[in-house]
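Encoded as structure tokens, the structure appears first; notes follow it.
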Amino acid sequence: MSNNMNIDQTDQNTIDEGLYSRQLYVLGHEAMKQMSQSNVLIIGCKGLGVEIAKNVCLAGVKSVTLYDPQPTRIEDLSSQYFLTEDDIGVPRAKVTVSKLAELNQYVPVSVVDELSTEYLKNFKCVVVTETSLTKQLEINDFTHKNHIAYIAADSRGLFGSIFCDFGENFICTDTDGNEPLTGMIASITDDGVVTMLEETRHGLENGDFVKFTEVKGMPGLNDGTPRKVEVKGPYTFSIGSVKDLGSAGYNGVFTQVKVPTKISFKSLRESLKDPEYVYPDFGKMMRPPQYHIAFQALSAFADAHEGSLPRPRNDIDAAEFFEFCKKIASTLQFDVELDEKLIKEISYQARGDLVAMSAFLGGAVAQEVLKATTSKFYPLKQYFYFDSLESLPSSVTISEETCKPRGCRYDGQIAVFGSEFQEKIASLSTFLVGAGAIGCEMLKNWAMMGVATGESGHISVTDMDSIEKSNLNRQFLFRPRDVGKLKSECASTAVSIMNPSLTGKITSYQERVGPESEGIFGDEFFEKLSLVTNALDNVEARMYVDRRCVFFEKPLLESGTLGTKGNTQVVVPHLTESYGSSQDPPEKSFPICTLKNFPNRIEHTIAWARDLFEGLFKQPIDNVNMYLSSPNFLETSLKTSSNPREVLENIRDYLVTEKPLSFEECIMWARLQFDKFFNNNIQQLLFNFPKDSVTSTGQPFWSGPKRAPTPLSFDIHNREHFDFIVAAASLYAFNYGLKSETDPAIYERVLAGYNPPPFAPKSGIKIQVNENEEAPETAANKDKQELKSIADSLPPPSSLVGFRLTPAEFEKDDDSNHHIDFITAASNLRAMNYDITPADRFKTKFVAGKIVPAMCTSTAVVSGLVCLELVKLVDGKKKIEEYKNGFFNLAIGLFTFSDPIASPKMKVNGKEIDKIWDRYNLPDCTLQELIDYFQKEEGLEVTMLSSGVSLLYANFQPPKKLAERLPLKISELVEQITKKKLEPFRKHLVLEICCDDANGEDVEVPFICIKL
């Protein structure tokens, strides 16, 4: 037995937030600490085993130990990306260990040469792949008895299985991973009936538990005790009698409490006889029992043939395998009518080893490992069987001859798809947009599949970003030495090492995909592509790529993740709708008046603090620099700015009245800001609306969501107060290029004896109470004489030649720049003003930075599903039901698959037209010829024609203008109207057209594509 490195090392006390930040927002600190104390054993280092190990290492367990003494074979390279042809004959675990160890410096990886059941006691979780059922039973008998989590997984061609046994008394602390529900309450009766504020839905279910904070009239209810919920309606629920706490409560906040749940698992031996299934596809509800028998039969077949599985497409082996299945079904006394065709397909594919299946199953299994080690999220209970038979090609001959081994690295894939289909995969020309988490996984999968390795194949990948430390947790092609380098270049290099046949076959770009890069990703570029794959993190770019794919009639593979959730979509020309056909609802935003004057949630104060950061350290600096560098800046601002007064005052303050000459002056400036925002403005608000104010209807003004604030008096010994001064002074110094200090003694010395001027409330100050009122700034901007007076007081730019300020460009992941420090301090001070529970730096960073929670497990699952759809596109499948859009939530073991939505059709003069994919293809004719074509050939009268924002033709235009335009070619007309020459790379023009039919009725028609 080789050295088991650091299995018993001391627990990690601290978590590297810089590395794990995106994952921490999914799991939380407590779960991460538990994980970092858990040793994991992984048996089997083929494609599925290494995928599980890779994800578990990235996630950050205490240690990973590998067991696989089997020698590397050429066919292993179909899915095992850490093996090379030079490793053939060397034990798989021995080759893999050093590659896995590179993934995460905090996770030692070691190899064990021999396994004994007693040795298993070292581990919190044991994962078994590529292992006979007899051996699995031996291991599980021991793990079940000794409270060690056990997971078994197998990938056989387009079929896969997962089995979980976490013991009879597994405690799950959070069953769904959702943020606890929270809401504002209006009232609580002594019977415990809680009514929500302003008829907002509480979202709770019977049996949920909640706790209360900030409840008035019943202070005893704020003790943090979880209380069981009985739902009365969408806006009311009961917590049982609270008579002993008072007669009535009002205001306050409820927060859902996650209560631990006990889950009991059966052992493998019991589960073989009495299985419990998770159903991933409701269209295949009858298949899990078939697969339950078949996967046992595969092990029995291998036992009878010295470990060999049925040969690809071999009918003799398939017939024998079917007999094994019948025998097992009879022994277990299962009332299942075996589907002979389906069962034999499993035999045909048993030696298949597909990286797409390994990625999908490996991501799902790794998440189960994390559940076992953290007790967070609901486990798969207990059998999960999956197939993607729709991916089996029909465009090529699949036979024993075409699927037999070739002695090449793709033999595991050829065993399923055949050698002819392998050539199709090698000939692909693909475009990957994004080389982040999903992009890395996609490139790895393509390298194993042999995508674009043929003579005519090519991969283009673009990503404008550089690698950051936080990327390393899930973008597994990158290493710490790559931080600062370009993602597209590093990813391309990494996969070319995995599969040397890709050397020279990948072109990496650093351009953002958008209108500005159409000179690079133009007509010629898109016309050569077989398909496009999105690996993007924003909707705008996705929509743009989608439009380009529709225009060039290219298939698009779309996917995304959010924490443990993920989705995939396949877009097929002339068959499915496009990505842009349906859109997510817009992101919720907070009313301005709520943020400015009436916050009631910590999210409100964080958003306010984020705006304050921009308003103090970014926007005014930009205005100053524009004033100093642009001669017409003032004139333009007075005409176009929504708040010209603020722009002018910013320039005056930052150049004259508040310009610091030393860091000490920056400290004093920060102190003034404290009084302004957390004392004076609050006093002014209370002057306008005293705490006993009533509305026009006689109701208390400060009630419901409006909380009466309390001014803060500065105390240098209060940590939040001091943190604000340090962050604000440091950022202000950064703007002016002054050296900042962190020594508290300096701040105490500067601020000693400072007495702020007493606050004097101002009359006539208007405060916006609701969204319907005019913002007070609007009125202030109407005094043109005062605006001119401020403008005249500014120093001329000529007196400050060469002087510039440095704006603070918000960067959430640099802990040394004071950005999150400032926002956290400002948000929490405002929370103190309004009696809102403050948030720590971690939560503040999440909200202010709009961080998208991410897990390497979800990314792996998504990439696997996308590649299963890619195979269908290569095959050219024509039936919409053969494609699948997928959605999953690994936290609750939910997988759903649906047929894509068909592209909508319409009829124009009796002719059926596809609303998305059809277009009128015309040469660069004259405007008159175009109008005549539609009149004669389509029976339509053109009423309007445009290109982008340029109106080319309208039937109501003056006759003189029409006479000038009708003889011009479309390209000439566009150039004349836009006053710009068409770019040389452009081969097409897109025109939007409005038409009437013979009855004068407006008709919806597709766009026109003019070929130049």
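Backbone N, Cα and C atoms are what each Cβ position is placed from, and that goes for glycine too.
Per Swiss-Prot, the candidate among Ala31, Ala437, Ala447, Ala452 that belongs to the ATP site alongside Arg22, Asp463, Asn471, Arg474, Lys487, Val513, Asp537, Asn538 is Ala437. Long-range Cβ contacts of Arg22 (ATP binding site) within its own chain (separation 6+, distance under 8 Å): Ser470, Asn473, Arg474, Ile851, Val852, Pro853, Ala854, Met855. For the ATP site, whose binding residues are given in the record as Arg22, Ala437, Asp463, Asn471, Arg474, Lys487, Val513, Asp537, Asn538, the maximum C-alpha distance rounds to 25 Å. Scoring each of the modified residues (Ser264, Ser903) by how many neighbouring Cβ atoms lie within 10 Å, the top position goes to Ser903.
DSSP assigns Asp537 (Mg(2+) 2 binding site) to coil in the three-state reduction, outside any helix or strand.
The separation of Asp537 (Mg(2+) 2 binding site) from Ser264 (phosphoserine), Cα to Cα, is 39 Å. Non-local contacts of Val513 (ATP binding site) by the CB criterion (under 8 A, 6+ apart in sequence, same chain) comprise Val433, Thr462, Phe521, Ala541, Tyr544, Val545, Arg548. Other C-beta atoms found within 10 angstroms of the C-beta of Asn538 (ATP binding site) number 11, with every protein chain shown included. Ranking the binding-site residues Asp465, Glu468, Asp537 by Cα distance from Ser903 (phosphoserine) puts Asp537 first.
Sparsest Cβ environment among the recorded positions Asp465, Asp537, Lys588 (other Cβ atoms counted within 10 Å): Lys588. Long-range Cβ neighbours of Asp463 (ATP binding site) (same chain, at least 6 residues apart, Cβ-Cβ under 8 Å): Gly434, Ala435, Gly436, Gly439, Leu486, Lys487, Ser488, Ala491, Tyr509, Gln510. Of the recorded residues, Glu468 (Mg(2+) 1 binding site) and Asp537 (Mg(2+) 2 binding site) place their C-alpha atoms 16 Å from one another.
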